[in-house]
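Enquirer: Encoded as structure tokens, here's the structure I'll be asking about.
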Amino acid sequence: MDKFRVQGPTQLTGEVIISGAKNAALPILFAALLAEEPVEIQNVPKLRDIDTTMKLLSQLGARVERNGSVHVDAGPVNVFCAPYDLVKTMRASIWALGPLVARFGQGQVSLPGGCAIGARPVDLHINGLEQLGAKITLEEGYVKASVNGRLKGAHIVMDKVSVGATVTIMCAATLAEGKTIIENAAREPEIVDTANFLNTMGAKISGAGSDKIIIEGVKRLGGGVYRVLPDRIETGTFLVAAAVTGGKIVCRNTRPDTLDAVLAKLTDAGADIEVGEDWISLDMQGRRPKAVNIRTAPHPGFPTDMQAQFSLLNMVAEGTGVITETIFENRFMHIPELIRMGGHAEIESNTVICQGVARLSGAQVMATDLRASASLVIAGFVAQGTTIVDRIYHIDRGYESIEEKFRALGGQIDRIKGE
């Protein structure tokens, strides 16, 4: 398995171009299954999960190619099963189910894999599809969905806020007969992006970005061209990297309006921040950050996908910071690794209390999930000496060309190829 070797300490300074959002590109690629005509999707990041999704769409019979943009023609889809060998590495595969049953009246998806962070049950997806009239069975590790004729619009009140299930229900409802209302819907920018993509193809969706989404079913979706929104988590990760190393950075091709909670906490930490329509600059002027208190919450609250990066910030900050994780259990697996580098922290159930230290020391550490692995790489830039980050396949699932981007900011980082 590949590893990263990181030399520190380094003050990260310069400009970085932000890639398209993985968490919007994935649902959009699956939503393309609903279209009977070709679609062109621009600004799709080059990532392992994206490659897996493109392979999966091809196996279902779609014509998929990448030349700058990703082109998907789901017209010829004639296979309705997403097999285990592709699904096992990626939870997002469950998003194939809604479009398949909505357009073809049948679909089956192997129960998914992905990051090992807590319970992410597919129950909410299944309940939503059942309320739209699908018959669901679980057989031999597969979720199977079928319906006679079209799905029927329904008034669905979600038991808890779920980005994944909101996407599934919204996509399936676009081709249902009649009106669907989703209450307690997730409000993330990536939900809005997926809805905008569907509307480009002829769907009638309103209210995305609020907790109540209304979908007027249509008989078919056509083609279109759509540009995926920038990745707010990648943006936040690079901003934190500059903040913890006392550096100065400009993130370009980004969307400041998707990052209010993160920018507020970086300001609390002592960063000077400026924003334009599609850029954010952060300047620490060589200062150490101040510790901050954070409670993760569904959007527009503080994103759970930025929790690991801010845990690191608190470990090297002045003072003591408390972070409470309310979204996923088991999401502090990076903390013991940071403690091995000299950090001070205590975990009490879903809370981590970090006492800032003046410096970390390079060490061998292991990535456990996507965002945790990014925080370990950044820790390597703060630490004195050499840090080796193992299992970086997690990073490749969610960050495009991360080592090249860090090198352009002055970071010393190399990829060590595994056996």
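Each residue, glycine too, has its Cβ placed from N, Cα and C.
Computed from a predicted structure; not experimentally measured.
The active site, proton donor annotation in Swiss-Prot covers Cys115. Swiss-Prot lists Lys22, Asn23 with the feature phosphoenolpyruvate binding site. Taken from Swiss-Prot, the feature UDP-N-acetyl-alpha-D-glucosamine binding site applies to Arg91, Arg120, Pro121, Val122, Asp123, Leu124, Lys160, Val161, Ser162, Val163, Asp305, Ile327, supported by sequence analysis. As annotated by Swiss-Prot, 2-(S-cysteinyl)pyruvic acid O-phosphothioketal applies to Cys115, with the evidence given as sequence analysis.
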Enquirer: Highest Cβ count within 10 Å among the binding-site residues Asn23, Ser162: which residue is it?
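Expert: Per the Cβ count within 10 Å, the most buried is Asn23.
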Enquirer: Reported as an integer number of Å, what is the Cα distance between Lys160 (UDP-N-acetyl-alpha-D-glucosamine binding site) and Asn23 (phosphoenolpyruvate binding site)?
Expert: 19
Enquirer: Please report the three-state DSSP label of Asp305 (UDP-N-acetyl-alpha-D-glucosamine binding site).
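Expert: It is helical.
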Enquirer: What is the interatomic distance between the Cα atoms of Lys22 (phosphoenolpyruvate binding site) and Asp305 (UDP-N-acetyl-alpha-D-glucosamine binding site), given in whole Å?
Expert: 12
Enquirer: Please determine which of the binding-site residues listed here (Arg91, Lys160) has the lowest count of neighbouring CB atoms within 10 Å.
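Expert: Candidates: the binding-site residues Arg91, Lys160. Fewest Cβ atoms within 10 Å: Lys160.
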Enquirer: For the binding-site residues Asp123, Asp305, work out the Cβ neighbour count at 10 Å and name the residue with the minimum.
Expert: Asp123
Enquirer: Quick one: what's DSSP say for Pro121 (UDP-N-acetyl-alpha-D-glucosamine binding site), helix, strand or coil?
Expert: coil
Enquirer: Pop the Cα-Cα gap between Asn23 (phosphoenolpyruvate binding site) and Asp123 (UDP-N-acetyl-alpha-D-glucosamine binding site) into the table, whole Å please.
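Expert: Asp123 (UDP-N-acetyl-alpha-D-glucosamine binding site) to Asn23 (phosphoenolpyruvate binding site), Cα-Cα distance: 20 Å.
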Enquirer: Return only the integer: C-alpha distance in Å from Arg91 (UDP-N-acetyl-alpha-D-glucosamine binding site) to Asn23 (phosphoenolpyruvate binding site).
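Expert: Their Cα atoms are separated by 12 Å.
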Enquirer: Identify which of the binding-site residues Lys22, Pro121 has its Cβ surrounded by the largest number of other Cβ atoms within 10 Å, counting every protein chain shown.
Expert: Lys22
Enquirer: How long is the line from the C-alpha of Asp305 (UDP-N-acetyl-alpha-D-glucosamine binding site) to the C-alpha of Asn23 (phosphoenolpyruvate binding site), rounded to the nearest angstrom?
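Expert: So the Cα of Asn23 (phosphoenolpyruvate binding site) lies 11 Å away from that of Asp305 (UDP-N-acetyl-alpha-D-glucosamine binding site).
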Enquirer: According to DSSP, which kind of secondary structure is Lys160 (UDP-N-acetyl-alpha-D-glucosamine binding site) found in, if we only use helix, strand and coil?
Expert: coil
